[in-house]
Amino acid sequence: MYKTTGLTHLINSTKYSLQGLKSAFKNETAFRHECFLACILIPLTFFLGETKIEIILMISSVLLVMALELLNSAVETVVDRIGTERHELSGRAKDQGSASVFIALCIVGIVWGGILFF
């Protein structure tokens, strides 16, 4: 298989990333919800954050949730591709992916709560 380099590699990588975002938005309800919330929360950071670092932390915490949701969706897709029958390892993989999103949501709560209330 021919491996691209340079500008061609960058263009192809960007194309594949955009395809992944489009696929997640089309197929994953949770990702659509998180995109909707990000469209509200990210602009709010410029009004609620008092310093540049607060704004950066608030935006980064929201984007972290979205990134982990993409990884969680990828894990679920691969597990479902392997087979739809119940298996302990498949369940653990899906649960752990979900737990990573939950922890990211806790981080959002800590960051936003810490900035807004302390």
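Every residue, even glycine, has its Cβ placed from backbone N, Cα and C.
Copied from Swiss-Prot, the annotated features are:
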type: ACT_SITE; residues: E69; note: active site, proton acceptor
type: BINDING; residues: E28, E76; note: divalent metal cation binding site
type: TRANSMEM; residues: 29-49; note: transmembrane segment
type: TRANSMEM; residues: 55-75; note: transmembrane segment
type: TRANSMEM; residues: 98-118; note: transmembrane segment
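Mapped onto this structure are the features recorded in Swiss-Prot.
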| residue | record | DSSP class |
| --- | --- | --- |
| E28 | divalent metal cation binding site | coil |
| E69 | active site, proton acceptor | helix |
| E76 | divalent metal cation binding site | helix |
Surrounding residues of the transmembrane segment (98-118) on its own chain - C-beta under 8 Å, 6+ positions past either end: 30, 48-50, 54, 57-58, 61-62, 64-65, 68-69, 71-72
Those residues of the chain, 6+ apart, with a Cβ under 8 Å from that of E69 (active site, proton acceptor): A24, E28, A30, F31, E34, V101
Neighbouring C-beta atoms (10 Å sphere around the C-beta of E28 (divalent metal cation binding site)): 18
Count of other CB atoms lying within 10 Å of the CB belonging to E76 (divalent metal cation binding site): 16
